[in-house]
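Trainee: Take a look at the following structure, please.
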Amino acid sequence: MNDCDPGTPGVGKTTLGKELAQRTGLTYVNIGDLAKEGNQPPLAGASVTPPFRFEAVKADACQLYDGYDEEYQCPILDEDAVVDELDEKMIDGGVIVDYHGCDLFPERWFHIVFVLRTDNTQLYTRLESRGYVGKKLQDNVQCEIFQTIFEEAMEAYSADIVHQLPSDTPEDLERNLEQLVQWTEQWMKDNN
């Protein structure tokens, strides 16, 4: 079972993904961290069978980047290289993928996609506290306002596997985790 949890930066993907991995034993992969750190193994909630390891395929993390965006002050992800890096591992299953987008990933990778959503005022505050300013801040808030990530997910994957989850409060986080743990357990029961 593979799960994709996309959303605008600041909606709580990393918090949700790491905690879900701890509660289910699935392997958590943050795509941004994978690109930054190169071939570090992902955080695992428990051992995954078969073992999920990143072999030293890439010489360094720079091979997962395709340049640097001066306007947004961030590296540009080489999407093809990331897909190549993960493709074999995704076949084995048991992976939670965290990234702000999802349409770069093949549909065959995921059994479920949970798009996290946050109130725009809260998102603005969260991003501002992370140091986002100017165009980068405005564009990310607009992305949430216009449901860009959700629409991309609906276009990239079958509508029956794409769901939205509110991510405004600690209570939302706990409800989402309970729902995802329950869904994961049921999927494992039905498919193993």
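For all residues, glycine too, the Cβ spot is worked out from N, Cα and C.
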Trainee: Which stretch does TrEMBL mark as region 'LID', out of 30-40, 118-128, 129-139?
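Mentor: That would be 129-139, per the region 'LID' entry in TrEMBL.
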Trainee: Other than G10, G12, K13, T14, T15, R130, which residues of the chain come within 8 Å of the ATP site, judged by Cβ distance to the Cβ centroid of those residues?
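Mentor: Not counting the recorded site residues, we get G7, P9, V11, L16, R126.
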Trainee: State the non-local partners of the region 'LID' (129-139) in its own chain: residues 6+ outside its ends, Cβ under 8 Å from one of its Cβ atoms.
Mentor: 9-10, 71-74
Trainee: Which entry in the list of binding-site residues, K13, R130, has its Cβ near the fewest other Cβ atoms, using 10 Å as the limit?
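Mentor: So among K13, R130, the binding-site residues given, the one with the fewest Cβ atoms within 10 Å is R130.
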